[in-house]
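Step one of this worksheet: look at the structure below.
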Amino acid sequence: MNPYVLAILLSSLGLGTTLTFASSHWLLAWMGLEINTLAITPLMAQQHHPRAVEATTKYFLTQATAAAMILFAATTNAWTTGEWDINNLSHPLASTMMITALALKMGLAPMHFWLPEVLQGFDLLTGLILSTWQKLAPFALIVQVAPTTDPIMLTSLGLLSTLVGGWGGLNQTQIRKILAYSSIAHMGWMIIILQYAPQLTLLALGTYIFMTSAAFLSLKMTSTTKINTLTMMWSKAPILTTTTALTLLSLGGLPPLTGFMPKWLILQEMTKQGLPLTATIMALAALLSLYFYLRLCYAMTLTISPNTTNATTPWRTQTTQTTLTLALSTTIALGLLPITPAILALTT
């Protein structure tokens, strides 16, 4: 792709999200989401591979449907209350419709069916943008809408997402699909605590973004997209394989890694709020996700790679890819747990 075109698309991507962040009017927020969708579509289809084009079409149709629902919900609210302000979404019908539309935009269960299929069609860098940056704008709106939303709906979305994210990933062999289900599960954790402690939601989102970035960039470095290719990683890049395995365990939420922190704080807060049963279900659902991360780690570090593989074996030459972002995100994904008290002091 022409670098000038790429620069325009990436700046439009940033502009769309920033516009949604900064807006207090529903039309402006909707416009930001639309700019965002239109900017990422060419980035997704740039490979001209039939799968990439198919995934782009699916993504565009899903996002267009969600955007139409957002506009309809905002118009319904303006019609009944005379308010276009984001914080004044007081009509129950408009509020329910808005949460449903934003859940569809982010891929929360039960509106998640498009996400694994779409992510599977893209290369790892576009998949990274879809899993991290594209979640920010809808999330900013959900955080603002949550106080006026039915708590049972948010809890149901959260529980269902963690369960679906856990169950869905168990049977997958494609790493991008596994990361898509991982994304659904993490979104569930963020949504369920949103009504009780929004600062924990933002903390979970921040840690999720760093952990997912580290995972995607590590896989990009070794051009790995399937589990059977993962078995070849150890002989090519032992140190990178070690950090990738630890990053995946961090995504699963194992101490003493960063991923344990948001899960621990969320379960603690839910117990404080008098929801021990919900907290127990969430903790058990996290075990499902942990199983498929362990599967990846097992394939990566504890199996000897076969002599022949159907995948194209990359030559062991020095990589030309930049490793600064990977190093930074991996460090954050592995080592933030000791500073939990400092983070808590900043967020509360």
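Placed from the backbone N, Cα and C atoms, the Cβ positions cover glycine too.
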According to TrEMBL, which listed range is transmembrane segment: 13-34, 123-144, 233-254? 233-254
May I ask you to check whether the transmembrane segment (233-254) and the transmembrane segment (94-115) make contact, with contact taken as at least three Cβ pairs under 8 Å and only pairs 6 or more apart in sequence counted? no
Between the stretches 57-74, 94-115, 202-221, 324-346, which wins on the count of C-beta pairs under 8 angstroms to the transmembrane segment (152-171)? 94-115
In the domain 'NADH dehydrogenase subunit 2 C-terminal' (290-344), averaged pLDDT is 81
Cβ under 8 Å, sequence separation of at least 6 from the ends of the transmembrane segment (274-294): give me the contacting residues as numbers and ranges. 155, 158-159, 162-163, 165-167, 169-170, 172, 178, 181-182, 185, 188-189, 192, 248-249, 251-254, 263, 266-267
